[in-house]
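Peer 1: Sharing a structure here in structure tokens format.
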Amino acid sequence: MTKKEKKSFNQSLAEWKRFIYNPTSGEFLGRTAKSWGLILLFYLVFYGFLAALFTFTMWVMLQTLNDEVPKYRDQIPSPGLMVFPKPLSALEYTFSASDPSSYRGYIEDLRKFLKPYTLEEQKNLTVCPDGILSEQKGPVYVACQFPIFLLQACSGMSDPDFGYSQGSPCVLVKMNRIIGLKPEGTPRIECIPKDENVASISTYPNNGIIDLKYFPYYGKKLHVGYLQPLVAAQVIFSANSTKKEVTVECKIDGSPNLKNQDDRDKFLGRVAFKIIARA
């Protein structure tokens with residue numbers, strides 16, 4: 001058996017040049033111009049067809065969607081609750097009344113959140129009658145004013161520090177928006193401390209009432225300028241208690257069609273947070 005002769009560098013280079021372009025057959029990278037043209041035409045037609053099919057499919061799907069109201073919505077009829085300011089970790093507010101830097105972030109978050117609720121921002125909103133649903137047929141949907149003074153000590157008007165500098169912090173609670181929701185009865189948000197010997201809770205508006213005039217909600221695109229009703233919970237620690245740590249639970253109450261308890265979702269209609277006031 002004879003060993004295969006090793007090709008010289010010049011021979012290998014010549015073969016590569018011939019592969020890239022063969023002047024005898026006119027081939028480029030092993031294919032003639034006609035062959036390359038047919039391949040490019042095939043892929044152009046093939047991917048053009050796929051793009052057209054995708055575009056047509058998307059167009060058909062978009063025809064089934066409403067531009068103003070989502071076609072598919074959460075099947076849970078009751079809203080959850082959210083709190084502000086945003087806690088730094090695990091729904092826990094830790095601060096020291098004697099150290100402004102410890103609660104500065106909370107105050108800034110509250111001011112930013114309440115900016116749309118100022119009188120100047122609400123001047124184009126409607127003064128709606130209290131106690132009745134604001135059902136509307138369109139095409140123009142009005143948004144009701146939410147007087148910020150209803151939050152009283154937690155409005156930021158009389159106390160720009162929202163009680164944190166006094167050791168009595170405010171936390172705002174709101175319901176999540178659900179399009180078309182019509183609460184029955186007299187909905188309110190009730191906030192209670194786990195240990196009543198440590199602290200008491202003052203809620204604003206009085207009794208945590210949520211006025212029916214803010215319902216139903218018609219969606220972000222239709223209901224321009226809509227403001228969600230708020231309830232403020234102010235934690236007031238007992239002067240006789242040396243412990244300045246309490247867990248507060250807020251839940252929706254007073255409305256038969258709004259749930260605050262569900263076996264599959266323990267947070268439905270309720271929220272719990274902890275307040276820790278350090279010396």
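Cβ coordinates come from backbone N, Cα and C, glycine included.
According to Swiss-Prot, the record shows the following:
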TOPO_DOM  1-35  topological domain 'Cytoplasmic'
TRANSMEM  36-56  transmembrane segment
TOPO_DOM  57-279  topological domain 'Extracellular'
CARBOHYD  N124  N-linked glycosylation site
DISULFID  C128-C144  disulfide bond
DISULFID  C154-C170  disulfide bond
REGION    186-279  region 'immunoglobulin-like'
DISULFID  C191-C250  disulfide bond
CARBOHYD  N240  N-linked glycosylation site
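If you look at the structure here, what lies around each of the features I listed?
Peer 2: If you look at the transmembrane segment (36-56), the same-chain residues 6 or more away from its ends with a CB under 8 A from one of its CBs are 28.
Using a 10 Å radius centred on the Cβ of N124 (N-linked glycosylation site) and all shown protein chains, the other Cβ atoms total 10. According to DSSP, N124 (N-linked glycosylation site) sits in a coil region rather than a helix or strand.
Within the same chain, the residues at least 6 positions away from C128 (disulfide bond) whose Cβ sits under 8 Å from its Cβ are S134, V142, C144, Q145, K213, listed in sequence order.
In sequence order, F162, G163, C170, L172, Y204, A232, A233, Q234 are the residues of the chain that are 6 or more apart from C154 (disulfide bond) and have a CB within less than 8 Å of its CB.
Across all of the region 'immunoglobulin-like' (186-279), the predicted model scores a mean pLDDT of 92.
Residue environment of C250 (disulfide bond) contains 24 other Cβ atoms, counted within 10 Å of its Cβ in all protein chains.
For N240 (N-linked glycosylation site), the number of other Cβ atoms no farther than 10 Å from its own Cβ, over all displayed protein chains, is 7.
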Peer 1: Round to a whole number and give the Cα-to-Cα distance in Å for the pair N124 (N-linked glycosylation site) and C250 (disulfide bond).
Peer 2: 32
Peer 1: When you measure from the Cβ of C191 (disulfide bond), which residues in the chain that are at least 6 apart have a Cβ under 8 Å away?
Peer 2: V173, I201, T203, G208, V231, A233, V248, E249, C250
Peer 1: Given the disulfide-bonded residues C144, C170, which one's Cβ is surrounded by the fewest other Cβ atoms within 10 Å?
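Peer 2: Per-residue Cβ counts within 10 Å for the disulfide-bonded residues C144, C170 bottom out at C144.
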